[in-house]
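Peer 1: After the structure tokens below, expect a handful of questions from me.
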Amino acid sequence: MATAPQGSTADGGNSVSVQGITKRFPGVVANHDVDITIRGGTVHALIGENGAGKSTLMKILYGVQKPDEGTITVAGQQVSFSSPTDAIKVGIGMVFQHFMLADNLTVLENVVLGAEKLHGIGDKARAEIVRISDAYGFDLDPDDLVERLGVGQRQRVEILKVLFRGAKIIILDEPTAVLVPQEVDALFANLRELRASGHTILFISHKLDEVLAIADDITVMRRGTTVGEADPKTATKLELAELMVGSELPSPETEESTVTDVVLLELSDVSLLDDRGRHLLRDIDLTIHKGEVLGIAGVEGNGQAELVETIMAMRKGTGTVRLAGNDIAKANTRERRELGIGFVPEDRHRHGLLLDAPLWENRVLGHQTREPNITGPLINRRDARKDTQRIIDAYDVRTPSMDTHARALSGGNQQKLIVGREMSGDPVLLIAAHPTRGVDVGAQAAIWDHIKRARREGLAVLLISADLDELIGLSDRIEVILRGRLVGEFDPRTVTPQDLGSAMTGGQDAETKDETTSTSNGEGAAS
Amino acid sequence: MMPKLVSGVLAPVMALLAAIVITSGVVVFVGASPVDFWEVMLSWPSNRNVLTVLNQASMIFLSGTAAAIGFRMNLFNIGVEGQYRVASYVAAVFAGGAFLPGALNIVASIVLAMLAGAAWAAIPAVLKVTRGVSEVISTIMLNAIAVFLTGYLLSNYGEKAADTRRTTPLEDSTMLGGFKLFEDKDGAVWTLSLLAVVVGFLFWFIINRTRFGFDLRATGMNESAAVASGVSVKRMVVTAMMLSGAVAGLIWLPNLFAETASGNYFSSSVFQSGLGFTGIAVALLGRNNPVGIALGSLLFAFLGVQSTQLEFAGVDVSNDVVLVTQGVIVLTIVIAYEVVGRWRAAADQRAVRAALDANANKQEVAA
């Protein structure tokens, strides 16, 4: 799994080696035991799905964040950064995905901004910019206003900024996300020039075609750690996708079907428009039966969140929604919850918790009109606390007490509390959006078990997940959502990740123009 | 873990110390002696002034509570000032009209004041939920409108008295004697100052013990989570704003109905303006909780009353220097609470880790 530490100076001055990096944030371990060795003068690709820990690692490399454990070695010297300035000093530069340029300034002004000491702000700086631009084929005029530049040119300004500051090691965060294919080709040509002149490039991406086209080495991250390396000359996209999504992870095998023929949730012709009148959801028809888990697969941003929020009445869609045969189109969020819809939101910090409130108050949240939390118009503290203890015990929420603020818990424990809460009060339907995202392996298995058990007892579940293994393992049926429509139904017993990936990206296996849609197969799951 | 009490007291103490240092600096800067200054400021007030402090504190407390109701759900009702002005005018007109006998007149005026305050506060609330207008802007503008509106009504419908206009003074039967803690000449604690106690208790109870209070706090802590939990935020905005306005309506009533107060009518000289802004500061100081607001009100009332003694004691500083003290307290308290809050969060996390390390074996790994 880990890279054997190599002599990091073997390939010249610009090698980087990261060993045993661990970074914890309150409630979550973003990186653990990350080992990467980047040879000098190469393009090294770092791939992994969203949330795999790539960004945290980059920030550590660029001095934005300090690792809790582990070492960084640059050109054979162990270094420790307390700010990006330190990283720049040893020759590391970073190009962020979102450009940090002042539109109303010229290329020259943008480049020298904050680096005035290097070459001044006059002719010397201009000469240096022209020199760099010529050397790597950037084709930039120092006196052009940035607001007149295209996206590709702006990106080159960003790279130029980094080179101007003397960077020999350049980190590029998803550089192709904003580019059209021709611009990607141009970028790659620039990168090859840079490599030829001895620069080291760390290329972060989840677009496998591009990675295979440009990289000399590939490192794959998943769930906060490096899980493998691949040689782009021999690796296939499928292999990389598997490494990224992790098909060898403990898979949530469902037992025999418990699907009944009682329809519990029925959506017909549900549509949702945004402010500008575009369809976020279009003519959605779906049914979930008692005891059935319906999985929704899709590249993120294709309407999953909107579908969930429409069912929860957090957004007002059109069409009919029936719960256990009753039309609930007019019911608001609270009434729908009271009818027995449990909701595990996608973003637990935004939608699921009061971070600065104690756990027992978080137990009340979303159930503040139901026993045991209330008696009449009053909060029943005693019974609410008693029930919180029940959830803490039954769902193995690790906390010193129920008076601890939710913020202090780890992501996995926060999520177990939410799942426990939403399973309380005998729900008939559970909407689980990415229920195991960002939680540890132990909590993941526990949450899967709870969902499976509830399903046996007749719960209907709408499961949204980016983890295809989770979808295939838990679902009785899988629907694929693409640009706000349901575009295909699959049987998880026979479907392969390739079939799903193909449906998720609209049946294309190669490049697509739409950047929200990833290129192919397993990658779809990853974005 | 840091004891809760320590962390609760630490921030105000830090803020007070900073305020003392900075105020002393200002006093030195204007050429007076800080020793003399503090000697006057920190002396025990006369009996008469003790009563003034209590009466002022109760009005400030009502104002602070009105502001805190909004703050608890991140609703910045800067319009307490205008709400209690309008409400005070309405109550004074009604009470002066003596439509009802004695006590009934008082009760009806109180209810009317609350309704008027709520109605004035409903305007920004409705603008916010239907048009997305920031309540900060609209309440500030409504404060100005309230001044002009009451001024207009007074000068057109008010009763002439000397060179000014006022509402009809209250009849003796609708005035309240108050609690004379000392000799008669010292005055009294106004009867309706008790409203502060009642409102304080209700505020605590509703916020902490009722479903409505839970919804309100949840909306303040995390609006999107409150929405997901089924709270109708629009309805909460309107309700909380109107409650805030209703409480604001009470602010000046202790004065209006007090026999011992300087005037039992509404006029530009008798009406005490500015309490609405003091209330905002005190709500910040007291972290929007009733005990904190009570202590803050007493402190602000005390500083305000004591500063009037500076002149008599011959300390050569304007008594407005106390505004500097009050301002510095509010500024530093915000910073101090933030600092202490971070310490507490870190301490909490250490406690969680310690508790888990003690009994747990393997812990999380995450994305």
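Placement of Cβ uses the backbone N, Cα and C atoms for every residue, glycine included.
If you look up TrEMBL, you'll see B:9-30, B:50-71, B:83-100, B:106-127, B:136-154, B:188-207, B:236-253, B:265-284, B:291-309, B:321-340 marked as transmembrane segment.
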Peer 1: In the same chain, which residue numbers or ranges, 6 or more beyond the ends of the transmembrane segment (B:291-309), come under 8 angstroms Cβ to Cβ?
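Peer 2: Distant Cβ neighbours of the transmembrane segment (B:291-309) are 12, 40-43, 45, 49, 52-54, 56-58, 60-61, 64-65, 68, 196, 200, 278, 281-283, 285, 319-322, 325-326, 329.
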Peer 1: Cβ pairs under 8 Å with the transmembrane segment (B:265-284): which stretch of B:50-71, B:83-100, B:136-154, B:236-253, B:321-340 has the most?
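Peer 2: It is B:50-71 that shares the most Cβ pairs under 8 Å with the transmembrane segment (B:265-284).
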Peer 1: Take the transmembrane segment (B:236-253) and find every residue of the same chain, 6 or more past its ends, with a Cβ under 8 Å from one of its Cβ atoms.
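Peer 2: Contacts with the transmembrane segment (B:236-253): 59, 62-63, 65-67, 69-70, 72-73, 75, 77, 79-80, 83-84, 87-88, 91, 109-110, 113-122, 124-126, 128-129, 135, 192, 195, 199, 203, 212, 215-216, 219, 226, 271-272, 275-276, 279.
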Peer 1: Take the C-beta pairs under 8 A between the transmembrane segment (B:106-127) and each of B:83-100, B:136-154, B:188-207, B:321-340. Which stretch has the highest count?
Peer 2: B:83-100
Peer 1: Is the transmembrane segment (B:188-207) in contact with the transmembrane segment (B:136-154), using three or more Cβ pairs under 8 angstroms as the rule and ignoring pairs under 6 apart in sequence?
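Peer 2: No, the transmembrane segment (B:136-154) and the transmembrane segment (B:188-207) are not in contact.
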Peer 1: What else in the chain is close to the transmembrane segment (B:9-30), if you only count residues 6 or more beyond its ends and a Cβ gap under 8 Å?
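Peer 2: Here the qualifying positions are 37-38, 285, 295, 316-318, 321, 324-325, 328-329, 332-333, 335-337, 339-340.
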Peer 1: Looking only at residues six or more beyond either end of the transmembrane segment (B:50-71), which have a C-beta under 8 A from one in the stretch?
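Peer 2: Contacts with the transmembrane segment (B:50-71): 77, 80, 83-84, 117, 135, 181-182, 186-190, 193-196, 199-200, 203, 216, 220, 240-241, 243-245, 247-248, 250-252, 254-255, 258, 272, 275-276, 278-280, 282-284, 286, 288-290, 293-294, 296-298, 300-302, 304-305.
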